[in-house]
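Reading through the C-alpha cells given below for one structure.
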Amino acid sequence: MVKQDYYEILGVSKTAEEREIRKAYKRLAMKYHPDRNQGDKEAEAKFKEIKEAYEVLTDSQKRAAYDQYGHAAFEQGGMGGGGFGGGADFSDIFGDVFGDIFGGGRGRQRAARGADLRYNMELTLEEAVRGVTKEIRIPTLEECDVCHGSGAKPGTQPQTCPTCHGSGQVQMRQGFFAVQQTCPHCQGRGTLIKDPCNKCHGHGRVERSKTLSVKIPAGVDTGDRIRLAGEGEAGEHGAPAGDLYVQVQVKQHPIFEREGNNLYCEVPINFAMAALGGEIEVPTLDGRVKLKVPGETQTGKLFRMRGKGVKSVRGGAQGDLLCRVVVETPVGLNERQKQLLQELQESFGGPTGEHNSPRSKSFFDGVKKFFDDLTR
C-alpha cells in the first residue's frame, strides 16, 4: 500500500515552518484522538498517521532525509529503532498537546496564555444608542516577528532541558516518598533557549502599541463590556493570546436621561399653555416632533412617545421617550402683564383660587382641619 505524503497528512506545504506544522498537528490530533473516537478503528489509524508525520517533520534530520528520499529513508529500520511499526505512543501526545485534559501527561507546564487587557471607552448618548465604530490604540505585548514567539534565534530551536529531560518536572526523594516538583532549571517548560532571539531576548514577545477598529453595537449602556477575542497580550512562547475587553461608559447628556431602554427629558411650558393647552415641539434623538399638551396640565405630568427611546442591544422592543412637563412661573413682567394677572387672580376668587385650583382647595381644607383639631 502506498503511504500518503506526510505534508498532505498534516495539510501543510513543503516549506512550512515548524510552528505551522505544530499548529496543524494539534488541530488534527485533537480531532482524531482515540479518547474522542473510542472504538473507531479508522480514527485510530488516522491518528497514527498524523503522529508519524508530525514526528518526522518536526525533527530537522528526519525531515531532511524525508525531503530527499521520501518514505524510503525510513524503511527497514532506517529510523534507528524509533520507527512507527508498533502502536502509537499516546502518552507523548497527552503530555505535549493535551496536557492534563486527558490525564496522561508527563507533567510539562504549558506556556502561559497571554494576559487579558481592558480598555475604558467613553461614548456620547447618541453613539451608544445608534452604534459606532471607533479606532483605539493600546499598548500590549505582541508575538516577536523575528522568532515567531519561540524566543530562539532564527535557525535555532529551544533545546531539551538536561535536568528534567523535557518532562518539566524533577523527582525529589524524601525517605520512602518520591515527590514531583517543577523543574527549577527550565521552570517547567521542558526546554531551554541556548541562543536567544536578538529582538525579544528570548521572551518571545515584544512591547508594542497597536491600533484596533472596535464596532460598538447599537443600544449599549454604561457597564456593558465588549470582548475582542485574541486581542490581548500574546502568550508566552507561542501560547494563545489573551482577550481585550472594552468597557463602555456613556457620558451625561445635556437633555436626556436614560433609564434602561427609555429616555426622559424635561419640557418647560408657560402657565398659559398649561392652562389652555396647545402644541409644542419636543426634542428626540431623531429630531424635533410635535407634542399636544391638553388644557389644565400640571407640573410633573409625563407624556409618553412610543418607540422614541433606545433599541435594546440584546433584542426586543424599542424603548420610549417620556417628556416630563415643568410649568414655569413667568418672570420679567411689564405693568400690563401684571395688571392682567391681577385681574385673573381676582377672577379666581382670591389668592387660593379654590374653584380653579383643586390641589389648592385640598391643601387649604387640610390646613383648616389641622388647626380645628388643635383648638378642640
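Every residue gets a Cβ built from N, Cα and C, even glycine.
Taken from Swiss-Prot as is:
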- 5-70: domain 'J' (DOMAIN)
- 131-209: zinc finger (ZN_FING)
- CYS144, CYS147, CYS197, CYS200: Zn(2+) 1 binding site (BINDING)
- 144-151: repeat 'CXXCXGXG motif' (REPEAT)
- CYS161, CYS164, CYS183, CYS186: Zn(2+) 2 binding site (BINDING)
- 161-168: repeat 'CXXCXGXG motif' (REPEAT)
- 183-190: repeat 'CXXCXGXG motif' (REPEAT)
- 197-204: repeat 'CXXCXGXG motif' (REPEAT)
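Counted with DSSP, the repeat 'CXXCXGXG motif' (183-190) comes out as 0 helix, 0 strand, 8 coil.
Sequence-ordered, the extra residues of this chain that approach the Zn(2+) 1 site, with Cβ no more than 8 Å from the Cβ center of CYS144, CYS147, CYS197, CYS200, are ASP145, VAL146, HIS148, GLY149, SER150, GLY151, ALA152, PRO196, ASN198, LYS199, HIS201, GLY202, HIS203, GLY204, ARG205, VAL206. Across the repeat 'CXXCXGXG motif' (161-168), DSSP assigns 0 helix, 0 strand, 8 coil.
Excluding CYS161, CYS164, CYS183, CYS186, which define the Zn(2+) 2 site, the same chain contributes PRO162, THR163, HIS165, GLY166, SER167, GLY168, GLN169, VAL170, PRO184, HIS185, GLN187, GLY188, ARG189, GLY190, THR191, LEU192 within 8 Å (Cβ to the Cβ centroid), listed in sequence order. Measuring Cα to Cα from CYS147 (Zn(2+) 1 binding site), none of the binding-site residues CYS161, CYS183, CYS186 fall within 10 Å. Of the candidate binding-site residues, CYS161, CYS183, CYS186, the one lying closest to CYS200 (Zn(2+) 1 binding site) when CA atoms are compared is CYS186. Its Cβ taken as reference, CYS183 (Zn(2+) 2 binding site) is surrounded by 23 other Cβ atoms within 10 Å in the chains shown. Each residue of the domain 'J' (5-70) gets a DSSP state, and the totals for helix, strand and coil are 51 helix, 0 strand, 15 coil.
For CYS144 (Zn(2+) 1 binding site), the nearest of the binding-site residues by C-alpha distance turns out to be CYS186; the candidates were CYS161, CYS164, CYS183, CYS186.
Between the binding-site residues CYS186, CYS197, CYS186 has the most other Cβ atoms inside 10 Å of its own Cβ, all protein chains included. Across the repeat 'CXXCXGXG motif' (144-151), DSSP helix (H, G, I), strand (E, B) and coil residues number 0 helix, 0 strand, 8 coil.
With the fewest other C-beta atoms within 10 Å around its C-beta, CYS144 stands out among the binding-site residues CYS144, CYS164. CYS197 (Zn(2+) 1 binding site) and CYS183 (Zn(2+) 2 binding site) are 23 Å apart (CA-CA, integer value).
For the pair CYS164 (Zn(2+) 2 binding site) and CYS197 (Zn(2+) 1 binding site), the Cα-Cα distance reads 23 Å. The Cβ of CYS161 (Zn(2+) 2 binding site) lies under 8 Å from the Cβ of GLY168, CYS183, HIS185, CYS186, ARG189, GLY190, THR191, LEU192, each of which sits 6+ residues away along the same chain.
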